[in-house]
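Trainee: First the structure, which I've put down as structure tokens, then a few questions once you've had a look.
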Amino acid sequence: MNDSREEMGIDACLLAGRLMMEAGAETYRADDTMKRMAASLDMHGADSFTTSTGIIFSPGGQRRVKLTSIRRRATDLEKIARVNAISRLLSSGEISLEEAYRELKKTENGNFMFPFWLQVMAAAVASASFLVLFGGDWKNMIFAIIAGGAGFAVSEKFHERTRVKFFSEFTGSAMIGLISLAAVGSGGGSQLDIIIIASVMPLVPGLLITNAIRDLMSGHFMSGISKGMEAFLTAFAIGSGIAMVLSFQGVGM
Amino acid sequence: MTYVIHGVFSFLATAMFGIIFNSPRNRLLHCGFVGAVGWLVFFSSRDLLLEGDAVKASFIGAFAVAIVAHLFSKRYRTPMIIFSVAGIIPLVPGGTAYNTMRNVMEKSYDAANAHAMEVLMISGAIAMGLVFAEVIIQLVFNNRKTA
């Protein structure tokens, strides 16, 4: 293997690992993907050290060790599936290294997210469904739709603008608290508790919770604990947003 | 009738979470199915078998989610996480966590403690359900390979 091709191979492995971690894959999956790709590229003795904030990849032998940092993390299951498919095709020899690298680059730059309005709609419908699951009254459904959609939209927009972690969830859940209070206060709705619980569900850090457990169980303690902490702080932010609104309302809850 | 309503709405909720988590387009219905199975197992075992014990029911629900998600991931050759992430969302103890927070605010710390312990137990039960299912799947799968 000549030098530039080797360089590309190392870059492809690192890129695949980084894309997976950024999209919210389990740490062992990112690790495994990189090792499989390296093995299919004849880099024997390749090893990697993956945490939720950075990856160190050693291709083995005399080759250079490289590292990459992971700055932003979002839940993007589509990206995980794509990178997984690319690495499968590369390992089975169905595509060449050049093609795989090009596909990975395309995946990195592409935007596969659902449009924002659709996500807000999804959050609204999900909130309404949870209202039913939690035993809410049908007539409160409309308030769950409004509060759930608005809370999700506010939280996402804040996250885009400020990039401050946890503050976006805090504002989102405060918004939900305000809308629910207004709904019940005006006499239109009842069951304040159930409306609030159903509406905050779209903000729940589901991926972090599952991943934290699976990372811990597979022995990746560093990323397991940091993801668990992130999940806990997110939950705490949601709780304090609601708590703030309710406390201003007085104790007559 | 209750079960039909719950089935429909848990399906809907989980599929919507598939959109929020940006699942692959052609897998949204599968995500919804996983969630509906998980919730129905949780709901029916809580009310029929366990007399309202949410902790054990969460364990059984998470177990069911992991099994179905694994079957799908083998069938479609996609990572299991795509199916399981949205599926466990309905099991998350949001209501109990809310009660914890509310009791803390009302300064009734005893009640808050009780609720907090329950949140901890339920989260642990979900984790154990996922892990148990995975271990069992691995054992079965490896046995078949060597046989």
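Any Cβ shown, glycine's included, is placed from N, Cα and C.
Sharing the features that TrEMBL gives for it:
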DOMAIN    B:7-136  domain 'Threonine/Serine exporter ThrE'
TRANSMEM  B:6-21  transmembrane segment
TRANSMEM  B:28-45  transmembrane segment
TRANSMEM  B:57-73  transmembrane segment
TRANSMEM  B:80-99  transmembrane segment
TRANSMEM  B:119-141  transmembrane segment
Trainee: So which of B:6-21, B:80-99, B:119-141 has the most C-beta pairs under 8 Å when paired with the transmembrane segment (B:28-45)?
Mentor: B:6-21
Trainee: Determine which residues of the chain contact the transmembrane segment (B:80-99) at the Cβ level, with the cut-off under 8 Å and only residues 6 or more beyond its ends counted.
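Mentor: Residues 10, 13-15, 17-18, 21, 23-24, 27, 30-32, 34-35, 37-39, 42, 54, 58, 61-62, 65-66, 68-70, 72-73, 111, 115, 118-119, 122-123, 126, 130.
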Trainee: Average the pLDDT scores across the domain 'Threonine/Serine exporter ThrE' (B:7-136) and report the rounded value.
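Mentor: Computed over the domain 'Threonine/Serine exporter ThrE' (B:7-136), the mean pLDDT is 89 on the 0 to 100 scale.
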